[in-house]
Amino acid sequence: MNALVATNRNFKLAARLLGLDSKLEKSLLIPFREIKVECTIPKDDGSLASFVGFRVQHDNARGPMKGGIRYHPEVDPDEVNALAQLMTWKTAVANIPYGGAKGGIGCNPGELSLSELERLTRVFTQKIHDLIGIHTDVPAPDMGTGPQTMAWILDEYSKFHGYSPAVVTGKPIDLGGSLGRDAATGRGVLFATEALLNEYGKSISGQRFVIQGFGNVGSWAAQLIHESGGKIVAVSDITGALKNSEGIDIPSLVKHVKDNRGVKGFHGGDPIEPCSILVEDCDILIPAALGGVINKENANDIKAKFIIEAANHPTDPEADEILSKKGVVILPDIYANSGGVTVSYFEWVQNIQGFLWDEEKVNNELKTYMTKGFKGVKEMCKTHDCDLRMGAFTLGVNRVARATVLRGWEA
């Protein structure tokens with residue numbers, strides 16, 4: 001099931017539980033604006049190349065729209081729409097004053113030189129600078145983009161609007177980025193897992209974890225869980241997978257990944273088939289890679305008691321039903337991976353105030369937001385007698401619906 005169909009389905013179930021009227025339900029689903037622009041640049045060899053850039057701005061009832069910009073060859077409009085909509089609910093669940101957006105450029109960043117990427121980013125910014133802004137829409141990095149991309153957008157935007165560090169988040173520290181932003185999504189996953197385990201009288205220490213994906217989110221989550229006494233028994237990334245039932249030495253693995261650009265070849269564990277990572281024996285499974293990886297084909301074989309969705313949309317609705325019948329507790333993506341956007345909000349606040357927080361303050365504030373977020377989700381679960389995914393969706397949708405009605409926007 002594609003991401004848009006699944007997201008719309010979850011939204012409709014939440015709207016039904018909340019008893020929203022059909023007109024309001026329809027208006028909440030329709031994106032505020034969809035932008036598509038042609039970006040033509042001279043390549044290093046002098047030839048011209050054209051790319052399509054786009055931005056879906058889903059909702060701004062609760063504040064400026066917020067979401068990543070990805071550079072990827074297969075940019076599917078449905079997926080971008082789904083991710084923009086998910087950002088609307090995610091920012092509402094986190095209770096930060098934003099709406100949702102998503103965008104990017106259809107290109108293969110690996111095939112472009114640094115100077116070509118810079119030219120492409122600047123042309124894209126020239127085309128959309130009137131449609132983004134500190135109080136309108138605040139982009140951030142996503143797949144294939146990073147702090148340098150944000151620096152180019154900031155510089156190009158500032159040529160038109162004056163120096164505006166708050167127009168993007170995920171910037172380099174030297175240009176107003178926030179301390180703690182790099183680890184934020186992974187640290188949020190740690191705090192979310194602690195909040196969930198606390199409900200069951202458990203703690204991270206002594207639990208066995210499997211982590212699929214060892215990029216930014218997976219590797220930070222692994223390091224922080226390891227520091228908290230959790231035992232990571234299997235990890236995978238695009239290069240391969242490995243397991244060690246005694247627990248993997250995470251600091252050594254992080255060094256290996258840095259030197260060898262992947263987990264493959266690490267000697268502190270036995271290699272396994274990457275496709276079997278999700279069904280390895282563990283207490284807690286953390287999918288931190290792509291969407292749709294847990295589906296009806298493998299759901300029956302999953303041995304974990306808890307699944308923490310660090311990736312966006314890793315579990316298909318069919319798998320959701322199978323797992324809930326088995327008694328597996330799933331902590332949904334729109335809460336579990338909201339640490340990144342929460343610290344992006346802190347970065348935006350610091351830029352607007354012109355005042356830098358120290359890293360301890362960033363991490364403490366993040367813990368406060370993640371803990372409050374979990375309480376909010378649990379309250380909705382009790383009110384509507386539903387699972388954590390519907391608890392999170394009803395919490396997010398309800399906050400956006402209330403803001404929409406209060407602003408007098410309902411149809």
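Think of each number as a place in line: the chain as shown, counted from 1.
Quick reminder: no glycine exception, Cβ is built from N, Cα and C everywhere.
Here TrEMBL flags Lys66, Lys90, Ser344 as substrate binding site. The annotation active site, proton donor is assigned in TrEMBL to Lys102. Annotation source TrEMBL lists site 'Important for catalysis' at Asp142. Taken from TrEMBL, the feature NAD(+) binding site covers Thr185, Asn216.
Using a 10 Å Cα-Cα cut-off from Lys66 (substrate binding site), none of the recorded positions among Asp142, Thr185, Asn216 qualify. The Cβ centroid of Lys66, Lys90, Ser344 marks the substrate site; residues of that chain outside this set whose Cβ lies within 8 Å of it are Gly67, Met87, Thr91, Ala94, Ile96, Tyr98, Gly100, Ala140, Ser338, Gly340, Val341, Thr342, Tyr345, given in sequence order. Counting neighbouring Cβ atoms within 10 Å of each of the binding-site residues (Thr185, Asn216, Ser344), the lowest count belongs to Asn216.
Asp142 (site 'Important for catalysis') sits 9 Å from Lys102 (active site, proton donor), taking the Cα positions as reference. Here the candidates are the recorded positions Lys90, Lys102, Ser344, and by Cα distance the one nearest Asn216 (NAD(+) binding site) turns out to be Ser344. Residue pair Lys90 (substrate binding site) / the residue listed as 'active site, proton donor' shows a Cα separation of 13 Å. Counted over all residue pairs in Lys66, Lys90, Ser344, the record's binders of substrate, the longest Cα to Cα distance measures 13 angstrom.
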